[in-house]
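Accompanying notes for the structure given below.
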Amino acid sequence: MNGLAVKGPFVLGAALAERELAALLRRRTATDGSVGGRLQVAGRDYLNFSANDYLGLADHSTIKAAFKEGIDCYGTGSGASPLVTGYSRAHQQLEETLADWLGVEAVLLFNCGFSANQAVLKALLGKDHLLWQDRLNHASLQEMGSQLPCKMKRFGHNDMTALERQLEPNRGLIVSEGVFSMDGDQGPWPELARLAAQSGNWLMIDDAHGLGVLGPEGRGTLAAQGVAPASVHIQMGTFGKALGVAGAFVGGSRELVDYLVNFARHYVYSTHMPTAQACAVSKSIELVRAADESRAHLARLITRFRQGTAALGWQLGASDTPIQPLLVGESSAALQLAARLRDRGVWVSAIRPPTVPVGTARLRITLSAAHREQDVDRLLKALGPCSGSASWEGIHHG
């Protein structure tokens, strides 16, 4: 105890006890390292099927060398917000590289995807606007949408008929994801682009989990689905998943970026990402653009895993991306299955409410190009035959 009185206006213990009783209490696990699809915890080695390091770049020697060189040149921190002295030539070069890669006019860097998403919504939407969101959008988008003065309307997951019924002309912003973080399926971007253009509303993609993995040169969901970058007004992506570093960006028109520089409080009032980090991300993009074989290997692993789980009788979501959700149903059952896998040397995280809807607790299994075929086979052996699980049918409707 730190000597402060426990009593007061906040009932913390009761809230924690309630979550623990419902098998929803979250606890952190301190790892001793995570490299190349492996994880070490308390001196024991595990196969790691929980990370978002989709291309296995988080321990790449070339990226690490770029990071170290950046530290030698620029130090360990940027030292200020980007509008003071925290914006360097290395940041500018990264923005230009991203704009060229993704086919947008300009890019703005953020410290993380959560702040990038919230910065955009808060800067753009006022009381006279409308915001349309997929029900399964990331918590950063849902949370900010609920706090804004505009009216937020949520449509059923990937339900374009429902969205079209809700739309009003020239009223605001439609937001959806490229690859949904808990289900691994993709948004229908040709149809989203059509509806946005038809209604005169802006369109934003959160492509945190598609960037680097999908499309030619890893340009993401839009490129994979043949949607022109100009059809989507705002692109958000992150560097901490397939790119193996950390940070995020927002891309679009030069006017959009200039506006965010002036009105996005998350950008204006935050210390900028370390310059050395920008150097590492720039090097990562070089590798990602040339990583066709890694993406092909990853696709083969996904196919192998899906075929193997089908043979064992497990229920997977309709995903062809590295995110493979194995539906369990009850939170306690998901925790028990995750514990069983850990006993067998495989680390997979159980995802429970409120991250996912009640009754849809799951194992969020993520594959990486760092995995080998024998790693996938070991995961399948650890899972074993299904002894009964929930069904995906009808989960996302209504």
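Every residue, even glycine, has its Cβ placed from backbone N, Cα and C.
Positions annotated as substrate binding site by Swiss-Prot, on the basis of sequence analysis: R26, H138, T355. Sequence-distant contacts of T355 (substrate binding site), defined as residues of its own chain at least six apart whose C-beta falls under 8 angstroms from its C-beta, comprise A139, M182. In three-state terms derived from DSSP, T355 (substrate binding site) belongs to neither a helical nor a strand segment and is classed as coil.
DSSP assigns T238 (pyridoxal 5'-phosphate binding site) to a strand. Annotated pyridoxal 5'-phosphate binding site per Swiss-Prot: G113, F114, S181, H209, T238, in sequence order, evidence recorded as sequence analysis.
Counting only same-chain residues six or more apart in sequence, the Cβ atoms lying under 8 angstroms from the Cβ of K241 (N6-(pyridoxal phosphate)lysine) belong to N52, D53, Y54, A208, H209, L211, G212. Sequence annotations record features per position, and here Swiss-Prot assigns N6-(pyridoxal phosphate)lysine to K241 based on sequence analysis.
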Using a 10 angstroms cut-off on Cβ to Cβ distances, just flag whichever of S181, T238 is the loneliest among these binding-site residues.
S181
With H, G and I counted as helix, E and B as strand and the rest as coil, say where DSSP puts F114 (pyridoxal 5'-phosphate binding site).
helix
For the C-alpha pair, I'd like the distance in angstrom between G113 (pyridoxal 5'-phosphate binding site) and H138 (substrate binding site), rounded off.
10
Suppose the pyridoxal 5'-phosphate site is G113, F114, S181, H209, T238. Which further residues of the same chain have a Cβ inside 8 angstroms of that site's Cβ centroid?
N117, H138, S140, D206, A208, G240, K241, A248
Looking at the binding-site residues R26, H138, H209, which one has the fewest other Cβ atoms within 10 Å of its own Cβ?
R26
State the count of C-beta atoms found within 10 angstroms of the C-beta of G113 (pyridoxal 5'-phosphate binding site), not counting that atom itself.
27
Other than its own, how many Cβ atoms are within 10 Å of the Cβ belonging to F114 (pyridoxal 5'-phosphate binding site)?
19
